[in-house]
Amino acid sequence: MGSTDPEALQSLDKVNPQGSNAESTRKMPVARLTHLSGWKLWITIFCLCLGLLLSALETSIIATSLVSITSSMGNYEKGNWVVTSYLITYTGKNAFSSVILCDLFGRKTTLVSALSLFTTFSLACGLAHSMEMLIIFRAFQGIGGAGLYSLAISVIAEVTPIQHAGLAVGMMSSVFAAASLLGPILGGAITSHTTWRWVFYLNLPPGVIITILVIAIFPRNAEPLPTTWATIQGIDFIGIATSLAGSVLLIFALESGGTFYAWDSGTIVACFIVAALCFIGFGTWQWFLCRSSLNRRILPLFPTNLVTQRFSGLAILTAFLTGFPFMMTLIFLPQRLQLQNGLSPVDAGVDMLALLLLSAFGSFLAGMLISKFGIGWHVLVASLFLQIIGLSLMTTLPVTSGPVPSAQFGYQVILGLGFGLALSSLAMTARVGMKEQDISICMGSITQVRVLGGVIGIALGQAITTSHLKSELLPIIGASKLTKLLGSTEAVKAFPAAEAALVKECYGRAFALQDKIMLAFTAVSVLAMMGAYVKDTRSVKDQATQQSHSTPSQ
């Protein structure tokens, strides 16, 4: 998210074009917090922002630690499951279900539960003694992380008076920037100077402190929320099960195809088919639920009017597509710097600063531009073209080992600026036409489909890397050395110089192919956003102002 001001938040909320007749998605009584002011407001915002920081760090901090973790555990082939297991549950127990659970059981109860899960399984991850244990614990940590992420965004919006909205959004923007900047460097520094386990132990002190503060000062619900069997029935269990099952099966097929199973094996084909059926079933169930009387008893996980409205629907599709290059770059660029260019984890984090700094700056810049001029669509399309330019240039980098080419830092500047502009402009553009009660779930959907796209992208990237290693290196270094390399990338240090150079070149070709795949997804996202063009040349903000003048306040 980027910086914005209260006027922009108000005006964007009031824009209500052709999607205004969409069905209501909040027909059940739901939780609402009492309003806050003074020191309680700012301590609450501080706690939520700190929780948001911990959740956001868990993706970026692992990026530069992953090579060391896989080498320590002796299983490079399963390494990206350390990332994807967190992100799968992060997406499955996503912002939709988090918001719905806190609507049914209250913000405080849901937040304390999320904090407890996240902190407990952070400790478990640090104590893990096998790759399988770490992957399982990361999955449970992701459930807590999803709650921290989505609740922070929705609760800050709910408890903050409109006169402080700009400052609150600015604080959240700073949190995302800090997570992006600190994560890779912090992960690299921890891994280089101590054990990677401290990447997870680091969450324990702040996790305990936030939990105590939330229990002590977090605001009450505006009205009592007795937990009854009817409340439990209000959870969309079918939606949660089908979306989570589809995500897990799809990622498993992409991660395992060509490595543990042949692509045409019965296991992989079955996973793809069942995943497709799960997603079709999820969409059909949500469509039925939103249009039947059941939605008075069950809160839909994903209100279908989000995809039937032009702005939000195409913004959600674009968020999914842009998740591929964003997450793939975040995870595989530090691997490229370490495995191809031979940098240490901390040096890899430092060499990513150009990308990370410009991403943070781009997010801030987009917030200012959209707040002042209301040009959300224009900023978003510009960001996509910057990503295309940056990725096109990244495909020209040499695949051989050696020092990092200085040109790569310039390419990172362009790519990072494109990522940052997209992060803020997507969220703000999607809000256009949303009813007030749908805004938080729309914001959550933007974040979560981007994460889902990123998870699929990471799985594709790992499949490409492993496939290249097996097909190109087996005839050169033999099965024994290849097995050692797939177990630990540190094994290359024992290879003869000529073989080590060939291994690094193989990594380089795999990373170059990843860049081309990211480029293709970004190009498709440009086509998607062209369909959201507003023919009226007036800015979104001007339309909102006119709307607010012609529509009585509610």
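Keep in mind that glycine also has a Cβ here, set from the backbone N, Cα and C atoms.
As written in TrEMBL, here are the features:
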DOMAIN    44-540  domain 'Major facilitator superfamily (MFS) profile'
REGION    1-23  region 'Disordered'
TRANSMEM  41-69  transmembrane segment
TRANSMEM  109-129  transmembrane segment
TRANSMEM  135-157  transmembrane segment
TRANSMEM  164-186  transmembrane segment
TRANSMEM  198-218  transmembrane segment
TRANSMEM  230-254  transmembrane segment
TRANSMEM  266-290  transmembrane segment
TRANSMEM  352-370  transmembrane segment
TRANSMEM  377-397  transmembrane segment
TRANSMEM  409-429  transmembrane segment
TRANSMEM  441-464  transmembrane segment
TRANSMEM  517-534  transmembrane segment
Beyond the flanks of the transmembrane segment (266-290) by at least 6 residues, Cβ under 8 Å: 23, 25, 236, 238-239, 242-243, 245-247, 249-250, 252-253, 256-257, 298, 300-305
The transmembrane segment (135-157) in contact with the transmembrane segment (109-129), cutoff 8 A, at least 3 CB pairs, sep 6+: yes
Whether the transmembrane segment (352-370) meets the transmembrane segment (409-429): three or more C-beta pairs under 8 angstroms: yes
Top partner of the transmembrane segment (517-534) among 41-69, 109-129, 198-218, 230-254, 377-397 - counted as Cβ pairs under 8 Å: 377-397
Two-stretch contact, the transmembrane segment (41-69) and the transmembrane segment (198-218), at least three Cβ pairs under 8 Å: yes
Within-chain partners of the transmembrane segment (109-129) [C-beta distance under 8 Å, separation at least 6 from its ends]: 51, 54-55, 98, 101-102, 137-138, 140-141, 143-148, 151, 155, 197-201, 203-204, 207-208, 210-211, 214-215, 218
